[in-house]
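J.: According to TrEMBL, the protein carries these features:
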DOMAIN    37-503  domain 'Major facilitator superfamily (MFS) profile'
TRANSMEM  33-55  transmembrane segment
TRANSMEM  75-96  transmembrane segment
TRANSMEM  103-121  transmembrane segment
TRANSMEM  127-148  transmembrane segment
TRANSMEM  160-180  transmembrane segment
TRANSMEM  192-210  transmembrane segment
TRANSMEM  322-344  transmembrane segment
TRANSMEM  359-377  transmembrane segment
TRANSMEM  389-409  transmembrane segment
TRANSMEM  415-436  transmembrane segment
TRANSMEM  448-467  transmembrane segment
TRANSMEM  479-497  transmembrane segment
Amino acid sequence: MYASREDIGYDFGDDSKVGSKPIKPNPNIDGGWAWMIVLSSFLVHILIMGSQMALGILNMEWLEEFNQSRGLTAWVSSLSMGITLIVGPFIGLFISMCGCRKTAIIGGILNALGWILSAYASDVHYLFLTFGVTAGVGSGMVYLPAVVMVGQYFQKRRALAQGLSTTGTGFGAFLMTALLKYLCTEFGWRNAMFIQGAISLNLCVCGALMRPLSPKDVVSEKYVVRSNSEDNQAKALSHSAETIKSNRVLSEELEKKEETRNEEVLDSVQHIETGGKSRSGRNMYGLRVLKTVSQLTVTVRKGFAIWYSSYFGAASLFTNRVFVAFIIWALFAYSSFVIPFIHLPEIVKQYNLSSQNNIFPLTSIIAIVHIFGKVILGIISDLPCISTWNVFLMANFTLVTCILTLPLMQTYVSLAVVCALIGFSSGYFSLMPVVTEDLVGIKHLANAYGIIICANGISALFGPPFAGWVYDITHKYDFSFYISGLLYMVGIIFLLLQPCIQKKQPREKSTEEAQV
(Lines of atoms letter the chains of each structure in order from A and count residues from 1; the text may use other names and numbers.)
(Lines give C-alpha, C1' and ligand atoms only; values in the text may rest on other atoms or scores of the structure.)
Protein backbone atom coordinates (compact mmCIF):
# COMPACT_ATOMS: atom_id res chain seq x y z
CA MET A 1 0.00 0.00 0.00
CA TYR A 2 2.76 2.39 0.81
CA ALA A 3 6.44 2.90 0.14
CA SER A 4 8.91 4.72 2.26
CA ARG A 5 11.33 7.34 0.97
CA GLU A 6 14.19 4.90 0.80
CA ASP A 7 12.02 2.32 -0.95
CA ILE A 8 10.94 4.63 -3.75
CA GLY A 9 14.45 6.01 -4.09
CA TYR A 10 13.85 9.60 -3.14
CA ASP A 11 17.50 10.48 -2.96
CA PHE A 12 17.94 9.64 -6.66
CA GLY A 13 21.66 9.16 -6.79
CA ASP A 14 23.29 6.44 -8.81
CA ASP A 15 21.27 3.36 -7.99
CA SER A 16 24.21 1.13 -8.72
CA LYS A 17 26.02 2.62 -5.78
CA VAL A 18 23.29 1.81 -3.30
CA GLY A 19 24.52 -0.75 -0.82
CA SER A 20 27.83 -1.19 -2.69
CA LYS A 21 29.76 1.89 -1.66
CA PRO A 22 31.12 1.46 1.87
CA ILE A 23 30.58 4.55 3.98
CA LYS A 24 31.57 4.84 7.60
CA PRO A 25 28.39 5.54 9.55
CA ASN A 26 28.20 8.59 11.75
CA PRO A 27 28.10 7.48 15.41
CA ASN A 28 25.59 10.26 16.11
CA ILE A 29 23.01 8.72 13.76
CA ASP A 30 20.70 6.53 15.87
CA GLY A 31 23.02 7.03 18.83
CA GLY A 32 25.39 9.38 20.62
CA TRP A 33 24.24 12.99 20.30
CA ALA A 34 20.99 11.80 18.73
CA TRP A 35 19.64 11.02 22.20
CA MET A 36 20.45 14.56 23.31
CA ILE A 37 18.27 15.71 20.42
CA VAL A 38 15.48 13.49 21.77
CA LEU A 39 15.96 15.04 25.23
CA SER A 40 15.84 18.52 23.73
CA SER A 41 12.66 17.73 21.81
CA PHE A 42 11.14 16.14 24.94
CA LEU A 43 11.73 19.33 26.95
CA VAL A 44 10.33 21.45 24.11
CA HIS A 45 7.11 19.42 24.18
CA ILE A 46 6.89 19.88 27.95
CA LEU A 47 7.40 23.64 27.83
CA ILE A 48 5.26 24.35 24.76
CA MET A 49 2.59 21.71 24.22
CA GLY A 50 2.33 20.90 27.94
CA SER A 51 1.85 24.58 28.78
CA GLN A 52 -0.89 24.89 26.17
CA MET A 53 -2.71 21.88 27.61
CA ALA A 54 -2.67 23.66 31.01
CA LEU A 55 -4.12 26.98 29.81
CA GLY A 56 -7.46 26.14 31.41
CA ILE A 57 -6.00 27.37 34.72
CA LEU A 58 -5.20 30.78 33.26
CA ASN A 59 -8.49 30.88 31.36
CA MET A 60 -10.41 30.86 34.65
CA GLU A 61 -8.23 33.68 35.98
CA TRP A 62 -8.84 35.75 32.85
CA LEU A 63 -12.60 35.26 33.15
CA GLU A 64 -12.56 36.66 36.69
CA GLU A 65 -10.14 39.48 35.87
CA PHE A 66 -11.67 40.89 32.68
CA ASN A 67 -15.35 39.85 33.04
CA GLN A 68 -15.65 38.99 29.35
CA SER A 69 -17.72 36.24 27.73
CA ARG A 70 -16.43 32.69 27.82
CA GLY A 71 -16.33 32.57 24.04
CA LEU A 72 -14.21 35.70 23.69
CA THR A 73 -11.83 34.69 26.48
CA ALA A 74 -11.42 31.18 25.08
CA TRP A 75 -10.04 32.66 21.84
CA VAL A 76 -6.83 33.57 23.70
CA SER A 77 -5.99 29.90 24.24
CA SER A 78 -7.29 28.91 20.81
CA LEU A 79 -5.11 31.52 19.09
CA SER A 80 -2.01 30.41 20.95
CA MET A 81 -2.56 26.73 20.13
CA GLY A 82 -3.69 27.37 16.56
CA ILE A 83 -0.95 29.85 15.60
CA THR A 84 1.73 27.53 17.00
CA LEU A 85 0.79 25.05 14.28
CA ILE A 86 -0.53 27.33 11.53
CA VAL A 87 2.78 29.23 11.17
CA GLY A 88 4.51 25.95 10.27
CA PRO A 89 5.02 26.75 6.55
CA PHE A 90 6.58 30.11 7.37
CA ILE A 91 8.82 28.58 10.03
CA GLY A 92 10.04 26.28 7.27
CA LEU A 93 11.37 29.42 5.55
CA PHE A 94 13.35 30.37 8.67
CA ILE A 95 14.77 26.85 8.90
CA SER A 96 15.83 27.01 5.23
CA MET A 97 17.65 30.30 5.85
CA CYS A 98 18.97 30.02 9.41
CA GLY A 99 18.84 26.34 10.33
CA CYS A 100 16.98 24.62 13.15
CA ARG A 101 19.26 25.80 15.96
CA LYS A 102 19.02 29.55 15.32
CA THR A 103 15.30 29.34 14.56
CA ALA A 104 14.62 27.56 17.87
CA ILE A 105 16.70 30.01 19.91
CA ILE A 106 14.92 33.02 18.39
CA GLY A 107 11.59 31.29 18.97
CA GLY A 108 12.45 30.66 22.63
CA ILE A 109 13.15 34.35 23.17
CA LEU A 110 9.92 35.33 21.39
CA ASN A 111 7.86 32.83 23.39
CA ALA A 112 9.27 34.06 26.70
CA LEU A 113 8.62 37.66 25.63
CA GLY A 114 4.98 36.80 24.90
CA TRP A 115 4.48 35.31 28.37
CA ILE A 116 6.17 38.25 30.11
CA LEU A 117 4.27 40.94 28.17
CA SER A 118 1.00 39.13 28.88
CA ALA A 119 1.57 39.68 32.60
CA TYR A 120 0.82 43.37 31.99
CA ALA A 121 -2.41 42.80 30.04
CA SER A 122 -5.16 45.36 30.57
CA ASP A 123 -7.86 43.49 28.63
CA VAL A 124 -8.51 40.33 26.63
CA HIS A 125 -7.68 41.99 23.31
CA TYR A 126 -4.19 42.78 24.64
CA LEU A 127 -3.76 39.05 25.30
CA PHE A 128 -4.73 38.30 21.71
CA LEU A 129 -1.59 40.10 20.56
CA THR A 130 0.90 39.26 23.30
CA PHE A 131 -0.06 35.70 24.19
CA GLY A 132 -2.05 34.50 21.18
CA VAL A 133 0.22 35.90 18.45
CA THR A 134 3.64 36.63 20.02
CA ALA A 135 3.90 33.56 22.24
CA GLY A 136 2.16 31.45 19.58
CA VAL A 137 4.64 32.36 16.84
CA GLY A 138 7.53 31.79 19.24
CA SER A 139 6.17 28.36 20.13
CA GLY A 140 5.91 27.46 16.46
CA MET A 141 9.52 28.52 15.85
CA VAL A 142 10.70 26.05 18.49
CA TYR A 143 8.22 23.21 17.94
CA LEU A 144 8.93 22.55 14.25
CA PRO A 145 12.75 22.43 14.59
CA ALA A 146 12.36 20.06 17.57
CA VAL A 147 10.46 17.59 15.37
CA VAL A 148 12.67 18.02 12.30
CA MET A 149 15.94 17.48 14.19
CA VAL A 150 14.77 14.13 15.58
CA GLY A 151 13.99 13.05 12.02
CA GLN A 152 17.47 14.06 10.87
CA TYR A 153 19.32 12.18 13.60
CA PHE A 154 17.39 8.90 13.41
CA GLN A 155 16.93 6.37 10.61
CA LYS A 156 16.46 2.90 12.09
CA ARG A 157 14.55 3.99 15.21
CA ARG A 158 12.78 7.11 14.01
CA ALA A 159 9.32 6.11 15.24
CA LEU A 160 10.59 5.23 18.72
CA ALA A 161 12.61 8.45 18.93
CA GLN A 162 9.63 10.57 17.87
CA GLY A 163 7.42 8.67 20.31
CA LEU A 164 9.76 9.30 23.23
CA SER A 165 10.19 12.99 22.43
CA THR A 166 6.47 13.68 21.98
CA THR A 167 5.59 12.06 25.31
CA GLY A 168 6.69 15.39 26.71
CA THR A 169 3.21 16.66 25.82
CA GLY A 170 1.57 14.27 28.30
CA PHE A 171 4.14 14.85 31.03
CA GLY A 172 3.96 18.58 30.43
CA ALA A 173 0.18 18.61 30.75
CA PHE A 174 0.51 17.25 34.31
CA LEU A 175 3.58 19.24 35.33
CA MET A 176 2.49 22.59 33.89
CA THR A 177 -1.06 22.28 35.22
CA ALA A 178 0.27 21.73 38.74
CA LEU A 179 2.90 24.48 38.34
CA LEU A 180 0.51 27.14 36.98
CA LYS A 181 -2.10 26.28 39.60
CA TYR A 182 0.48 26.69 42.36
CA LEU A 183 1.91 29.92 40.95
CA CYS A 184 -1.54 31.47 40.46
CA THR A 185 -2.51 30.58 44.04
CA GLU A 186 0.69 31.86 45.63
CA PHE A 187 1.61 34.85 43.45
CA GLY A 188 -1.42 35.69 41.28
CA TRP A 189 -1.86 35.03 37.57
CA ARG A 190 0.21 38.04 36.44
CA ASN A 191 3.30 37.01 38.40
CA ALA A 192 2.66 33.41 37.36
CA MET A 193 2.88 34.39 33.69
CA PHE A 194 6.03 36.41 34.37
CA ILE A 195 7.66 33.42 36.08
CA GLN A 196 6.51 31.10 33.29
CA GLY A 197 8.12 33.48 30.80
CA ALA A 198 11.42 33.13 32.65
CA ILE A 199 11.04 29.33 32.61
CA SER A 200 10.34 29.45 28.87
CA LEU A 201 13.82 30.89 28.29
CA ASN A 202 15.00 27.30 28.74
CA LEU A 203 13.70 26.80 25.20
CA CYS A 204 16.84 28.66 24.07
CA VAL A 205 18.93 26.00 25.82
CA CYS A 206 16.92 23.30 24.03
CA GLY A 207 17.59 25.09 20.75
CA ALA A 208 21.32 25.28 21.48
CA LEU A 209 21.37 21.48 21.83
CA MET A 210 20.11 21.11 18.24
CA ARG A 211 23.55 20.67 16.72
CA PRO A 212 23.18 20.42 12.93
CA LEU A 213 24.53 17.44 11.03
CA SER A 214 27.19 18.06 8.41
CA PRO A 215 26.03 17.84 4.75
CA LYS A 216 28.18 14.72 4.36
CA ASP A 217 26.23 12.96 7.10
CA VAL A 218 22.90 13.93 5.56
CA VAL A 219 23.95 12.83 2.07
CA SER A 220 25.24 9.49 3.33
CA GLU A 221 21.73 8.58 4.45
CA LYS A 222 20.88 7.47 0.93
CA TYR A 223 23.22 4.53 1.28
CA VAL A 224 21.24 3.12 4.19
CA VAL A 225 19.69 -0.13 2.99
CA ARG A 226 16.30 -1.03 4.44
CA SER A 227 14.71 -4.44 4.80
CA ASN A 228 13.38 -6.17 1.71
CA SER A 229 10.06 -6.75 3.47
CA GLU A 230 8.75 -3.48 2.05
CA ASP A 231 9.87 -4.03 -1.56
CA ASN A 232 6.38 -4.92 -2.69
CA GLN A 233 5.08 -1.64 -1.26
CA ALA A 234 7.41 0.35 -3.54
CA LYS A 235 5.29 -0.42 -6.59
CA ALA A 236 2.31 1.35 -5.04
CA LEU A 237 3.87 4.79 -5.30
CA SER A 238 6.07 4.51 -8.39
CA HIS A 239 4.31 7.44 -10.02
CA SER A 240 4.87 9.59 -6.94
CA ALA A 241 8.51 8.59 -7.03
CA GLU A 242 8.86 9.75 -10.61
CA THR A 243 7.18 13.04 -9.74
CA ILE A 244 9.44 13.58 -6.76
CA LYS A 245 12.49 12.69 -8.82
CA SER A 246 11.76 15.26 -11.48
CA ASN A 247 11.00 17.82 -8.80
CA ARG A 248 14.26 17.06 -7.04
CA VAL A 249 16.26 17.53 -10.23
CA LEU A 250 14.58 20.86 -10.94
CA SER A 251 15.17 21.97 -7.36
CA GLU A 252 18.86 21.10 -7.56
CA GLU A 253 19.22 23.01 -10.84
CA LEU A 254 17.71 26.08 -9.23
CA GLU A 255 20.05 25.76 -6.27
CA LYS A 256 23.12 25.44 -8.53
CA LYS A 257 22.15 28.55 -10.48
CA GLU A 258 21.59 30.41 -7.23
CA GLU A 259 24.95 29.31 -5.83
CA THR A 260 26.72 30.49 -9.01
CA ARG A 261 25.18 33.94 -8.69
CA ASN A 262 26.02 34.08 -4.99
CA GLU A 263 29.67 33.17 -5.61
CA GLU A 264 29.93 35.91 -8.22
CA VAL A 265 28.59 38.47 -5.75
CA LEU A 266 30.94 37.38 -2.96
CA ASP A 267 33.95 37.27 -5.31
CA SER A 268 33.26 40.80 -6.50
CA VAL A 269 32.99 42.07 -2.93
CA GLN A 270 36.18 40.22 -1.94
CA HIS A 271 38.00 41.71 -4.93
CA ILE A 272 36.97 45.19 -3.89
CA GLU A 273 38.11 44.49 -0.33
CA THR A 274 41.50 43.21 -1.53
CA GLY A 275 42.08 46.22 -3.76
CA GLY A 276 41.22 48.59 -0.98
CA LYS A 277 43.82 47.48 1.56
CA SER A 278 45.71 50.72 1.09
CA ARG A 279 42.68 52.77 1.98
CA SER A 280 41.82 54.05 5.41
CA GLY A 281 40.54 51.80 8.19
CA ARG A 282 37.12 53.39 7.91
CA ASN A 283 36.76 52.29 4.31
CA MET A 284 37.93 48.79 5.24
CA TYR A 285 35.29 48.61 7.97
CA GLY A 286 32.66 49.64 5.43
CA LEU A 287 33.81 46.92 3.03
CA ARG A 288 33.62 44.30 5.80
CA VAL A 289 30.08 45.41 6.60
CA LEU A 290 29.21 45.22 2.91
CA LYS A 291 30.66 41.72 2.69
CA THR A 292 28.70 40.61 5.78
CA VAL A 293 25.49 42.04 4.34
CA SER A 294 26.21 40.33 1.01
CA GLN A 295 26.73 36.98 2.72
CA LEU A 296 23.51 37.45 4.67
CA THR A 297 21.68 38.32 1.47
CA VAL A 298 23.07 35.20 -0.19
CA THR A 299 21.83 33.03 2.69
CA VAL A 300 18.38 34.62 2.65
CA ARG A 301 18.05 34.30 -1.14
CA LYS A 302 19.14 30.66 -1.10
CA GLY A 303 16.81 29.77 1.76
CA PHE A 304 13.90 31.57 0.14
CA ALA A 305 14.57 29.81 -3.18
CA ILE A 306 14.43 26.40 -1.51
CA TRP A 307 11.28 27.35 0.44
CA TYR A 308 9.56 28.83 -2.61
CA SER A 309 10.36 25.87 -4.84
CA SER A 310 8.96 23.49 -2.21
CA TYR A 311 5.60 25.26 -2.12
CA PHE A 312 5.07 27.12 -5.37
CA GLY A 313 7.85 26.27 -7.80
CA ALA A 314 8.28 23.46 -10.28
CA ALA A 315 9.48 21.21 -7.45
CA SER A 316 6.35 21.87 -5.36
CA LEU A 317 5.42 19.32 -2.73
CA PHE A 318 1.83 19.61 -3.92
CA THR A 319 2.67 17.59 -7.04
CA ASN A 320 2.83 14.54 -4.78
CA ARG A 321 -0.82 13.45 -4.68
CA VAL A 322 -0.35 11.18 -1.67
CA PHE A 323 1.07 14.13 0.26
CA VAL A 324 -1.91 16.26 -0.77
CA ALA A 325 -4.24 13.53 0.53
CA PHE A 326 -2.21 13.59 3.76
CA ILE A 327 -2.88 17.34 4.07
CA ILE A 328 -6.64 16.79 3.57
CA TRP A 329 -6.54 14.14 6.29
CA ALA A 330 -4.74 16.55 8.66
CA LEU A 331 -7.45 19.19 8.16
CA PHE A 332 -10.04 16.91 9.74
CA ALA A 333 -8.01 14.76 12.13
CA TYR A 334 -6.77 17.02 14.91
CA SER A 335 -10.14 18.46 15.92
CA SER A 336 -11.40 14.94 16.64
CA PHE A 337 -8.70 14.67 19.31
CA VAL A 338 -9.18 18.18 20.74
CA ILE A 339 -13.01 18.15 20.94
CA PRO A 340 -13.17 15.45 23.67
CA PHE A 341 -10.76 17.47 25.83
CA ILE A 342 -13.01 20.52 25.52
CA HIS A 343 -16.47 18.98 25.85
CA LEU A 344 -16.03 15.84 27.98
CA PRO A 345 -16.59 17.72 31.26
CA GLU A 346 -19.97 18.95 30.00
CA ILE A 347 -20.94 15.46 28.82
CA VAL A 348 -20.04 14.03 32.23
CA LYS A 349 -22.16 16.70 33.86
CA GLN A 350 -25.16 15.87 31.63
CA TYR A 351 -24.94 12.17 32.58
CA ASN A 352 -24.63 13.00 36.32
CA LEU A 353 -21.19 11.38 36.55
CA SER A 354 -19.38 14.36 38.08
CA SER A 355 -18.65 12.62 41.39
CA GLN A 356 -16.85 9.73 39.68
CA ASN A 357 -15.12 12.04 37.20
CA ASN A 358 -13.76 14.17 40.03
CA ILE A 359 -11.99 11.14 41.47
CA PHE A 360 -10.27 10.29 38.18
CA PRO A 361 -11.09 12.68 35.31
CA LEU A 362 -11.68 11.17 31.89
CA THR A 363 -9.36 13.72 30.30
CA SER A 364 -6.58 12.49 32.61
CA ILE A 365 -7.18 8.94 31.35
CA ILE A 366 -6.71 10.17 27.79
CA ALA A 367 -3.53 12.03 28.69
CA ILE A 368 -1.95 9.13 30.61
CA VAL A 369 -2.71 6.43 28.04
CA HIS A 370 -1.66 8.86 25.28
CA ILE A 371 1.90 8.76 26.66
CA PHE A 372 2.07 4.97 26.49
CA GLY A 373 0.39 4.94 23.08
CA LYS A 374 3.12 7.07 21.53
CA VAL A 375 5.93 4.88 22.85
CA ILE A 376 4.28 1.53 22.09
CA LEU A 377 3.20 2.52 18.58
CA GLY A 378 6.71 3.84 17.96
CA ILE A 379 8.27 0.54 19.04
CA ILE A 380 5.86 -1.47 16.88
CA SER A 381 6.47 0.73 13.83
CA ASP A 382 10.24 0.25 14.09
CA LEU A 383 9.95 -3.53 13.84
CA PRO A 384 11.44 -4.73 10.51
CA CYS A 385 8.36 -6.76 9.60
CA ILE A 386 5.88 -3.94 10.33
CA SER A 387 4.91 -1.07 8.02
CA THR A 388 4.72 2.34 9.68
CA TRP A 389 1.98 3.31 7.24
CA ASN A 390 -0.22 0.34 8.26
CA VAL A 391 0.24 1.09 11.97
CA PHE A 392 -0.66 4.70 11.27
CA LEU A 393 -3.87 3.72 9.44
CA MET A 394 -4.94 1.18 12.08
CA ALA A 395 -4.53 3.78 14.83
CA ASN A 396 -6.61 6.25 12.82
CA PHE A 397 -9.38 3.70 12.30
CA THR A 398 -9.44 2.95 16.03
CA LEU A 399 -9.60 6.65 16.93
CA VAL A 400 -12.41 7.50 14.51
CA THR A 401 -14.42 4.49 15.76
CA CYS A 402 -14.04 5.72 19.34
CA ILE A 403 -15.10 9.25 18.39
CA LEU A 404 -18.27 7.94 16.72
CA THR A 405 -19.18 5.60 19.59
CA LEU A 406 -18.35 7.91 22.51
CA PRO A 407 -21.79 9.64 22.55
CA LEU A 408 -23.42 6.20 22.94
CA MET A 409 -21.60 5.55 26.22
CA GLN A 410 -23.56 6.74 29.26
CA THR A 411 -21.73 5.11 32.17
CA TYR A 412 -18.42 6.11 33.68
CA VAL A 413 -16.81 2.72 33.04
CA SER A 414 -17.79 2.64 29.36
CA LEU A 415 -16.66 6.24 28.89
CA ALA A 416 -13.36 5.42 30.62
CA VAL A 417 -12.74 2.49 28.26
CA VAL A 418 -13.46 4.59 25.17
CA CYS A 419 -11.28 7.44 26.48
CA ALA A 420 -8.42 4.99 27.09
CA LEU A 421 -8.71 3.80 23.49
CA ILE A 422 -8.77 7.41 22.31
CA GLY A 423 -5.60 8.14 24.27
CA PHE A 424 -3.78 5.05 22.99
CA SER A 425 -4.78 5.35 19.32
CA SER A 426 -4.00 9.08 19.26
CA GLY A 427 -0.41 8.04 19.92
CA TYR A 428 -0.10 8.00 16.12
CA PHE A 429 0.90 11.67 16.44
CA SER A 430 4.44 10.40 17.02
CA LEU A 431 4.29 8.64 13.63
CA MET A 432 3.29 11.75 11.65
CA PRO A 433 6.86 13.06 11.20
CA VAL A 434 8.00 9.57 10.20
CA VAL A 435 5.25 9.20 7.59
CA THR A 436 5.94 12.71 6.30
CA GLU A 437 9.65 12.00 5.92
CA ASP A 438 8.87 8.76 4.09
CA LEU A 439 6.70 10.70 1.65
CA VAL A 440 9.00 13.62 0.82
CA GLY A 441 12.47 12.81 2.17
CA ILE A 442 14.58 14.35 4.90
CA LYS A 443 15.57 17.38 2.81
CA HIS A 444 11.96 18.57 2.51
CA LEU A 445 10.83 17.41 5.96
CA ALA A 446 10.80 20.91 7.50
CA ASN A 447 8.64 22.44 4.77
CA ALA A 448 6.39 19.39 4.40
CA TYR A 449 5.77 18.90 8.10
CA GLY A 450 5.18 22.64 8.39
CA ILE A 451 2.25 22.23 5.99
CA ILE A 452 0.91 19.25 7.94
CA ILE A 453 0.95 20.99 11.32
CA CYS A 454 -0.54 24.07 9.67
CA ALA A 455 -3.51 21.92 8.61
CA ASN A 456 -3.66 20.55 12.17
CA GLY A 457 -3.63 24.10 13.50
CA ILE A 458 -6.59 25.09 11.35
CA SER A 459 -8.41 22.01 12.62
CA ALA A 460 -7.57 22.83 16.25
CA LEU A 461 -8.54 26.49 15.81
CA PHE A 462 -11.99 25.96 14.33
CA GLY A 463 -12.92 22.46 15.55
CA PRO A 464 -13.96 23.23 19.15
CA PRO A 465 -15.90 26.42 18.27
CA PHE A 466 -17.71 24.44 15.56
CA ALA A 467 -18.65 21.79 18.13
CA GLY A 468 -19.98 24.52 20.43
CA TRP A 469 -21.98 26.03 17.59
CA VAL A 470 -23.55 22.64 16.85
CA TYR A 471 -24.47 22.31 20.53
CA ASP A 472 -26.14 25.73 20.52
CA ILE A 473 -28.38 24.54 17.67
CA THR A 474 -29.12 20.97 18.75
CA HIS A 475 -28.54 21.28 22.54
CA LYS A 476 -26.61 18.02 22.34
CA TYR A 477 -22.93 17.21 21.98
CA ASP A 478 -23.73 13.96 20.18
CA PHE A 479 -23.87 15.60 16.76
CA SER A 480 -20.54 17.33 17.34
CA PHE A 481 -18.84 13.95 17.69
CA TYR A 482 -20.77 12.42 14.80
CA ILE A 483 -19.94 15.26 12.39
CA SER A 484 -16.27 15.46 13.38
CA GLY A 485 -16.01 11.66 13.19
CA LEU A 486 -17.52 11.55 9.71
CA LEU A 487 -15.21 14.31 8.48
CA TYR A 488 -12.31 12.42 10.00
CA MET A 489 -13.41 9.31 8.11
CA VAL A 490 -13.43 11.29 4.87
CA GLY A 491 -9.78 12.21 5.47
CA ILE A 492 -8.88 8.56 6.08
CA ILE A 493 -10.65 7.54 2.87
CA PHE A 494 -8.50 10.04 0.97
CA LEU A 495 -5.42 8.30 2.34
CA LEU A 496 -6.72 4.89 1.34
CA LEU A 497 -7.67 5.89 -2.21
CA GLN A 498 -4.33 7.40 -3.21
CA PRO A 499 -2.22 4.23 -3.10
CA CYS A 500 -4.92 2.48 -5.14
CA ILE A 501 -4.68 5.19 -7.80
CA GLN A 502 -0.89 4.94 -7.86
CA LYS A 503 -0.99 1.17 -8.38
CA LYS A 504 -2.83 1.46 -11.65
CA GLN A 505 -0.39 3.84 -13.32
CA PRO A 506 2.71 1.61 -13.40
CA ARG A 507 0.63 -1.16 -14.97
CA GLU A 508 -0.63 1.18 -17.68
CA LYS A 509 2.89 2.38 -18.37
CA SER A 510 4.24 -1.15 -18.68
CA THR A 511 1.46 -2.02 -21.15
CA GLU A 512 2.34 0.95 -23.34
CA GLU A 513 6.01 0.01 -23.29
CA ALA A 514 5.12 -3.56 -24.29
CA GLN A 515 3.12 -2.26 -27.27
CA VAL A 516 6.03 -0.09 -28.39
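The backbone N, Cα and C atoms fix where each Cβ goes, glycine too.
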J.: For the domain 'Major facilitator superfamily (MFS) profile' (37-503), what's the mean pLDDT in this predicted model?
T.: 77
J.: Against which stretches of its own chain does the transmembrane segment (192-210) lie, if we need a Cβ under 8 Å and a gap of at least six residues from its ends?
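T.: Tertiary neighbours of the transmembrane segment (192-210) are 36-37, 39-41, 43-44, 47-48, 51, 58, 100-105, 107-109, 111-116, 118-119, 142, 145-146, 149, 179-180, 183-184.
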J.: Which of 127-148, 160-180, 322-344, 415-436, 479-497 has the most Cβ pairs closer than 8 Å to the transmembrane segment (359-377)?
T.: 415-436
J.: Using a cut-off of under 8 Å between C-beta atoms, tell me which stretch among 160-180, 389-409, 415-436, 448-467, 479-497 contacts the transmembrane segment (322-344) the most.
T.: 448-467
J.: State the residues, same chain only, that lie 6 or more residues beyond the ends of the transmembrane segment (160-180) and have a CB under 8 A from a CB inside it; answer 'none' if no residue qualifies.
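T.: Non-local partners: 34, 38, 41-51, 53-54, 56-58, 146-147, 150-151, 153-154, 192, 196, 367-368, 370-371, 374-379, 381-382, 427, 429-431, 433-434.
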J.: Of the stretches 33-55, 103-121, 479-497, which racks up the most C-beta pairs under 8 Å with the transmembrane segment (389-409)?
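T.: Looking only at 33-55, 103-121, 479-497, the most contacts with the transmembrane segment (389-409) come from 479-497.
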J.: Give me the stretch from 33-55, 127-148, 415-436, 479-497 with the greatest number of Cβ pairs under 8 Å to the transmembrane segment (103-121).
T.: 127-148
J.: Using a Cβ cut-off of under 8 Å, list the residues of the same chain at least 6 residues beyond the transmembrane segment (33-55) that approach it.
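T.: Same-chain residues near the transmembrane segment (33-55) but 6 or more away: 76-77, 80-81, 84, 104, 111, 139, 142-143, 146-147, 149-150, 153-154, 161, 164-177, 179-180, 196, 199-200, 202-203, 206-207, 209-211, 341, 367.
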